[in-house]
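Undergrad: Supplied in structure tokens, the structure appears directly below.
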Amino acid sequence: MAPKICALCRKSKAMLKRPKTGQQICKDCFFYVFETEVHNTIIQAKLFKPGDRVAIGASGGKDSTVLAYVMKTLNERYQYGLDLFLLSIDEGITGYRDDSLETVKRNQQQYDMPLKILSYDELYGWTMDAIVSQVGRKNNCTFCGVFRRQALDRGAAMLNVDHIVTGHNADDIAETVLMNIMRGDIARLGRCTSICTQGEDTIRRSKPFKYAYEKEIVMYAYFKKLDYFSTECIYSPDAYRGHARVFLKDLEAARPSAIIDIIHSGEAFEIKDEVKATQKLQQTCQRCGYMSSNALCKACTLLEGLERGMAESGITDRARKRLEAEGPAPDNIRTIPFFNPPSGQPVVTVEAPS
Amino acid sequence: MTSCGNPNVEKDALMERRPKYDGKTKICVKCKENQGNVVIRHAVYCKSCFFPLVQTRFKRTLEPSINPAPDGPRRKALRAAGSLAVGFSGGTCSMTLLDLVAKTYLTTRPTGNESMKGGTDHPRNSERGVWKGKPTVCYVEVCGAFSGQIDQTEVIRAIVERYPNCPFEFIPLRLEDSFNPSWWSSVGGGNAVDSARSFGLDISDEELRLTHISQSTPPDSSALTALKAYLSSVPTLTAVNSTIQTLIRLLLFHTAAAHNASHLLLGTSLTSLSVNLISGIAQGSGFAVAEEAKEEWTPRPARGLPVRVVRPLRDVGVKECAIWNWWAGLHPVDRPWYPSGAGKNAVDSLTRDFIFGLETDYPATVSTIARTCGKLASKEDSDERCILCERPAQRRVQDWKAQISIRSYSDATPAVSGITKPTHLSDDEISNLTQAKQESKPEPSLAPYLCYACHTTLTSRSIRGMTAPLSAQRAKETPLPMWVRSTLDGVVAKDSVDSEMIQSKKLTSQDIKSQIEQYLIDE
């Protein structure tokens, strides 16, 4: 059988079937369209301006590894004029994060970008290993997720960057749309398809891979021979994949455009005005100054529970009431340093590539 | 997503299974006397409380929309502006709907003197119904779409006509009527022997160009042939199912309008509504998500009343409908719609399996989906309507698609140049790839008149390829439903005139001479 010719350049031999469009294309055209689409996303949403300091949230996984590579490529090709940094969070999970942080350190060398690693231990005084030893494996992901979000913002503030970019891809966003509908989380549903989020005091956070299929990210890493670390977190070995994720994969198999179609749907609707009026207003945490929906932010609530030996208090209402019944928080517990938005000067030195 | 790949970083993300019935009580929660017979969303009901429970939910959804001014004072009088049409498929929820309509609004009053008193029971009120005229029940037979399926029209007719005193007028329709000029004319759509009749669709081309069907086309364009040609030309099983749904919907709408109906009732249960919502969102129809629960449709060309499409069972689960049918002695018609094995490969059937599974294990999730989507509205106002499904449509959806997925270099001309061009192509090669498009003559296309979801239905391909390969000629001359042809007749003709007005072309002396030739005298 004669080799298939690339549907785009009509010159080279087709090497892959593109998951997003089903077209049979060559490797070079795949690199070109993948990168150009990310560029289109960046330009369309006006994500950056020349001179911006941008931190790439780097976990050492496929999404952030490819993101770092593509951001560097596009920054040079289209002369965005960005100062790029790598920002990693070390949750303190022995045997899991140690290896993936090695990947990030390699990326630092390969892409010639300064790297900052911020640990939970440094910020909260607790590693995930220590948290799991107290709370067990059931709810540890709640702590990890809440702490990571704050840690990224705080790391970015230390680096004095204007912007954090994360490797959330189209599959993640489509899955979030479905999840939020199924659990009735109207507030998150309203904002989960936004490419860029920014509160009054928080650092801009955006997702340049918003329209990039997970499979294409893997394909890109494979053909570019980018190495990344892929493992399940040891504290969630049977990770709850979520009904939405399994369902989404089935939809994608039936019609690959389903992922983009869900994102388009999510972008086309919004919460009715009368519902918006009933939503909680954003405020500032009284203890640490981070954005919060309540007097205390979620991270401070969780940390107080850990410090007072009542970790469940951040998880269930009953445990929370028990904690409150014991009186106010003692003065000697560890708290999170007060959050100061970027001041104009980096407050930490970053590891420059050697 | 978290780096550990675990979506349940928040407690709420865990959908913890809750026992369907805690076994604490067996007494009906409503009357608190009788032994319970059925568990509905964790609560126990007896048989005698079950019927008013479902009927109350049915009326609570339907009645606020009956009077022309919705949500007005309705206790005094329910008076619709026109007649009533019921879309009936013979399925479980449809059967319950018809029974509820008959028992709630169409029961004949006893004729004994004892019962004929004053007030609302006065004889003068006995003939005054909520809707004008005799309600119609419309049934769309889909057997033409699939080989080997039996025509069930007469079975359905028997079901509809068994109610005492025949309160309904039965209107049988066929899916192929969508391509039938006689049906179109009978519903007041107009004479189909117009210029647009010659339009076909080139479905092999992603730009969905409209083609003029050649005169040499064999005269086999019967409605059934056209339906089969249309269904076999759409690219995926998802598209086939979605197309059938759209055709049924529009057949019901046009038929209802032709009978001067102000209301069309559909038997969409809470479960099916959740399926439709998620399936619609997964097919890109988020812009019209509010229409899935409640819509008002104005016929094109203008005739009759706007039809208010109501789904009065949208608070009643499919299980409750099944229980209603069982206790009322109703037997739904088994209608195996989909060809065997299609379930795994189509978005709507995958969604249906997913939601039905949820309803078994997490009954609250199904109503959460409907409630959440009920809080959504379109992000932008649009007075555009899709030519195919006739739902609100966003503008510039093709531009959005081209932006996020590059399908050809000719569409991305400005980007494909200089240092930003593909490194393996020379300037000449790029130029050749982009030139073809620039030089091609713009032809009328269906794409600008479609909503995102319908455009995706006609263009999104499966990774496995087409459902069935089509001959080149058939793919280029795919017939279009009657309402599309009718609307195209107006819009394409108008656009052609507009484009003629703005097109400029340098005329040669021969061109100029040809225009005045008859006035010139031979030298």
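Don't overthink the numbers, they just go from 1 along the chain as shown.
Glycine is no exception: its Cβ is also placed from the backbone N, Cα and C atoms.
Computed from a predicted structure; not experimentally measured.
The ATP binding site annotation in TrEMBL covers A:G57, A:A58, A:S59, A:D63, A:I89, A:G167, A:D172. Among the features that TrEMBL reports, domain 'tRNA(Ile)-lysidine/2-thiocytidine synthase N-terminal' is placed at A:54-232. According to TrEMBL, the feature domain 'Cytoplasmic tRNA 2-thiolation protein 1 C-terminal' maps to A:283-312.
Describe each of these features in terms of where it is and what it packs against.
TA: The Cβ of A:G167 (ATP binding site) lies under 8 Å from the Cβ of A:G57, A:S59, A:G61, A:K62, A:D63, A:S64, A:V66, A:L67, A:K207, A:F209, A:I217, each of which sits 6+ residues away along the same chain.
Same-chain residues lying 6 or more positions outside the domain 'Cytoplasmic tRNA 2-thiolation protein 1 C-terminal' (A:283-312) and placing a CB less than 8 Å from one of its CB atoms are 124, 126, 131, 134-135, 139, 142-143, 146-147, 150, 153, 199-202, 319-320, 322-323, 326, 329-330, 333-340.
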Undergrad: Quiz question: given the binding-site residues A:D63, A:D172, which has the greatest number of C-beta atoms lying within 10 angstroms of its own C-beta?
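TA: Checking each of A:D63, A:D172, the winner is A:D63.
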Undergrad: Binding-site residues A:G57, A:A58, A:S59, A:D172: which sit with Cβ under 8 Å of a chain B Cβ?
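TA: The binding-site residues close to chain B are A:S59, A:D172.
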Undergrad: Tally of helix, strand and coil residues over the domain 'Cytoplasmic tRNA 2-thiolation protein 1 C-terminal' (A:283-312) according to DSSP?
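TA: Across the domain 'Cytoplasmic tRNA 2-thiolation protein 1 C-terminal' (A:283-312), DSSP assigns the residues as follows: 12 helix, 4 strand, 14 coil.
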Undergrad: Might you list, by sequence position, any residue in that chain lying six or more from A:I89 (ATP binding site) with a Cβ less than 8 Å away from its Cβ?
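TA: Long-range Cβ contacts: A:G57, A:S59, A:I117, A:L118, A:S119, A:Y120, A:R148, A:A151, A:L152, A:G155.
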Undergrad: List nothing but the largest Cα to Cα distance in Å, as a whole number, among the residues A:G57, A:A58, A:S59, A:D63, A:I89, A:G167, A:D172 that the record says bind ATP.
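TA: That value is 20 Å for the farthest Cα pair.
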Undergrad: Please give me the CB contact count at 10 A for A:S59 (ATP binding site), counting all chains in the structure.
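TA: Neighbour count, Cβ to Cβ under the 10 Å cut-off: 24.
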Undergrad: Please give me the CB contact count at 10 A for A:G57 (ATP binding site), counting all chains in the structure.
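TA: Neighbour count, Cβ to Cβ under the 10 Å cut-off: 24.
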Undergrad: So how many other Cβ atoms are close to A:A58 (ATP binding site), meaning within 10 Å of its Cβ?
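TA: 32, counting other Cβ atoms within 10 Å of A:A58 (ATP binding site).
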Undergrad: When DSSP states are folded down to helix, strand and coil, where does A:S59 (ATP binding site) land?
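TA: The three-state answer is coil.
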